[in-house]
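TrEMBL has this to say about the protein:
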{"type": "ACT_SITE", "residues": "E290", "note": "active site, charge relay system"}
{"type": "ACT_SITE", "residues": "D294", "note": "active site, charge relay system"}
{"type": "ACT_SITE", "residues": "S496", "note": "active site, charge relay system"}
{"type": "BINDING", "residues": "D537, I538, G560, D562", "note": "Ca(2+) binding site"}
{"type": "DOMAIN", "residues": "215-581", "note": "domain 'Peptidase S53'"}
{"type": "SIGNAL", "residues": "1-24", "note": "signal peptide"}
Amino acid sequence: MAKSSSSLRALYIVCLALAGGVYGAPPTTPSGTPTRAPQRISPGFQRLGVSQQSIPYEFTMALKGAQLDQLDSRMVQIAQSGGEWLTTEELTQYTAPAPSSIADIRSLLTSHGIPEDAISFSKLQDFVTVQGTVDQVNKIFATQLVDWTRPTDGQTVRRAKEYTVPAAIAEHVIDVSPIAFFAPPPSTVHEPRQLDAISMENEKRAAPGSCNLQTVTPECRRDLYGLSSYTPKPVAGAIDISVLGLNGDAASQADLTTFLETYRSDASGYQLPIAAANGAQPDQNNPSAESNLDVQTTVSATYPLVNQFVSFRQSTADGFAEGMQYYIDLADSDRPGVVSISYAANEIDYSESQAQAMCAVAQKLTALGTTVVVGSGDNGVDTVQGYTALSCADSFFPTYPSGCPYILTTSATQDFSPEFAVNTTISRFWTGSGFSNLFPAPSYQSAYTSAYVDSLGSRSAGKYNKAGRGIPDVSAQGSNYPISFNGQFVVAGGTSAATPLMAAVLALINDARRAVGKGRVGYVHPTIYGSQGAFTDIISGAAFGCPAPDEDTGLYTSVGWDAVTGLGTPIFSGLRSLFGA
């Protein structure tokens, strides 16, 4: 893809073949399905040696629902009619494998000595988690687990470069995790840049009057997108918006209070509900700047709606999938209307099956009525900031999980009249941009991506997948947000800032719909594509980010949807009209 579908796939195959030459290929099962493998082993993983056979090993199989292929059309029907989203019970009709499929899986596992009480199916029956041993995994999946040191934290993990799903259950399985998972933990989309304490005095103002380039305050953002004149009406017991903090990150209530006292005094008494999940132990005395940025953005934009922060400690597998699964597992009444995720990874670190499993989770969460909003990344067309820059000589490198068509991906803009795509001169980063190599352009977007590719002509030709899902969908202000961090005011930015702002806009749309007796917007994509008057088209700017000698190579804004700012920035009144609120 990127250069062409065949050339990138050939590159991945060559890389894996070289790795196999060093470490040796595992046994294969002739009757099994083709081997699943990651696109590459992320730099920094160090091989220690073959794993001991008797060591316990937990693995999870993502399963294909018997009616899952019909879920998308049902979601489109709900989105177009404005009806109620599915309940957990209704969703299970699409996600649960056939009883015979579950029987096949149990039979195969028990035939390898795994007891019944070591086999656990999820609430939707779309995952089965198994407590086995290294020896059992090696035999079931015709592989050889090896001990590796993970680069980010030095933790020892057991992985194999490839595995084979037995033929008896192959048609029921999407992915087996974490056998071939070599991606590093999710990174914050843009590490907020810490500056000296900023002046509270506004300098030269731009349009609207509350805005200036040095500090893009909550008042400015609300005025810019038309939120200031709307008064939310919270409902007891409803969670309107949730910020997901991966890696066990913490947000500080003290910093939130300090921030609100300065920038949203009417909300200064707001107490943020904080949940710790999956073993996370968030320390409010040691918050992450990312989490503080996110919650200060959402609360200041949506007060008095109910916000929530979830500190989530993912396992050594796909943290994005696990984090979204957390929300699926909640009771229907406890599930938020919008989830904001300001983390990203490099798509090349995930295999096709791993990406499919993650995106299936996103689809299910969306079908339950929760809109998932993520950032497009902060290094332009070349992976995510903080990762080792990859050469763009042959291709660009999109971020993850932004390519999933059930996730709303958000990029960043700067300035006000007009807005344009961020650049390194003012904002010190390039907004994430590109086309997925793992997900094709969905039906709601394909006409837009085709038109955009045509508009590019020969620029950057061969470096991106013309048929891929276009990144991003939308954009919002992402530069120079003032935040309170450890008691001091600093400035932060990135698509990490644009993401919670866009999520907040959708939470307000949900509130407006609720006021007229309607449900949540959920799967927004089929509605926003093709809309008129709901977004301001951003037609200035570009996304670069490649290392030399390709630093001037990238993608560009254009009239209409483009792979830098998507459909544009939100117009609240237009979105209310679009969604019947």
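Positions of Cβ are set from backbone N, Cα and C atoms, glycine also.
Predicted automatically and left uncurated, TrEMBL annotations should be read as such.
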Secondary structure of S496 (active site, charge relay system) (DSSP, helix/strand/coil): helix
Cα distance (Å, whole number) from E290 (active site, charge relay system) to D562 (Ca(2+) binding site): 27
Residues close to Ca(2+) site centre defined by D537, I538, G560, D562, Cβ within 8 Å: I539, T557, S558, V559, W561, T565, G566, L567, G568
Residue from D294, D537, I538 whose C-alpha is spatially nearest that of S496 (active site, charge relay system), among the recorded positions: D294
Integer Cα-Cα distance in angstrom, G560 (Ca(2+) binding site) to D294 (active site, charge relay system): 29
Coarse DSSP state, helix versus strand versus coil, of D562 (Ca(2+) binding site): strand
Distance, E290 (active site, charge relay system) to D537 (Ca(2+) binding site) (CA atoms, angstrom): 28
Among E290, D294, D537, the one of these recorded positions whose Cβ has the fewest neighbouring Cβ atoms within 10 Å: D537
Mean per-residue pLDDT computed across the domain 'Peptidase S53' (215-581): 96
Mapped DSSP class for E290 (active site, charge relay system), helix or strand or coil: helix
Cα-Cα distance linking E290 (active site, charge relay system) and I538 (Ca(2+) binding site), given in Å to the nearest integer: 26
